[in-house]
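I have placed the structure first, in the form of structure tokens, so that the comments after it can refer back to it.
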Amino acid sequence: MQTIIRVEKLAKTFNQHQALHAVDLNIHHGEMVALLGPSGSGKSTLLRHLSGLITGDKSVGSHIELLGRTVQREGRLARDIRKSRAHTGYIFQQFNLVNRLSVLENVLIGALGSTPFWRTCFSYFTREQKQRALQALTRVGMVHFAHQRVSTLSGGQQQRVAIARALMQQAKVILADEPIASLDPESARIVMDTLRDINQNDGITVVVTLHQVDYALRYCERIVALRQGHVFYDGCSQQFDNERFDHLYRSINRVEENAKAA
């Protein structure tokens, strides 16, 4: 099976606090993987390293590959980082869309990496590109909102627009950081259904950070759980049982309660 993401000996320190400890991880083509863990476990930090949004410590032997290209090595970004980013879609908790633009215009932003520079200066997109953007919006159930401003949409609708933008980008990997954290249950279900549909029917690899274990169990075949910057569990979601859940979350809560009591 083709390895899409490879992480070796990744460490990260913030202000003398070590957020990640020599993490090793391989993610294969077509997987939908949940990164789980309590707040401060390192899951979002790990996700942001995968495409070089942040760099790791200058540890000997640390290395990250994405789509067969080096992203960073020993704390330094690769010179051709844009080539791997060009096929990587991002979905963030805070949506990361341009509120003053329409839904369609936001989706067309996904085509910038494959559009000649002179056309991007004038926001000129071809008829074929606009048609593809509308198809992407149809895919996520948002085509009827194409000409509305993004600022008029709900949080769940904005996340679906972000997914459509990744489709427009022709992403081979989608990295989603807490995409349902601020959504109501119905909106969260629709967003996760959309990600799973893209994963299963398009073969796009999806890595998603989640707080909600029930969503990870329902939508992802594989769970990678982090605890205090270490990989605590990496395996089939169906084997992530109550004992592992208790050790991952409740032991952390007890430490926090004891600290408050002191």
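The backbone N, Cα and C atoms fix where each Cβ goes, glycine too.
Record features (Swiss-Prot):
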type	residues	note
BINDING	Gly37, Pro38, Ser39, Gly40, Ser41, Gly42, Lys43, Ser44	ATP binding site
DOMAIN	5-253	domain 'ABC transporter'
Point to revise | Sparsest-packed among the binding-site residues, when each Cβ's other Cβ atoms within 10 Å are tallied, from Ser39, Ser41, Ser44 | key: Ser39
Revision key, fill the gap. Given the ATP site Gly37, Pro38, Ser39, Gly40, Ser41, Gly42, Lys43, Ser44, its other Cβ neighbours within 8 Å of the Cβ centroid, in chain order, are Thr45, Leu226
Review point. Between 0 and 100, where does the mean pLDDT of the domain 'ABC transporter' (5-253) sit?
Key: 90
Review point. Out of Gly40, Gly42, which of the binding-site residues is least crowded by other Cβ atoms within 10 Å?
Key: Gly40
Check your understanding: Which residue, out of the binding-site residues Gly37, Pro38, shows the minimum number of other Cβ atoms inside 10 Å of its Cβ in this structure?
Key -> Pro38
Point to revise | Surrounding CB atoms that lie within 10 Å of the CB of Lys43 (ATP binding site), all protein chains | key: 26
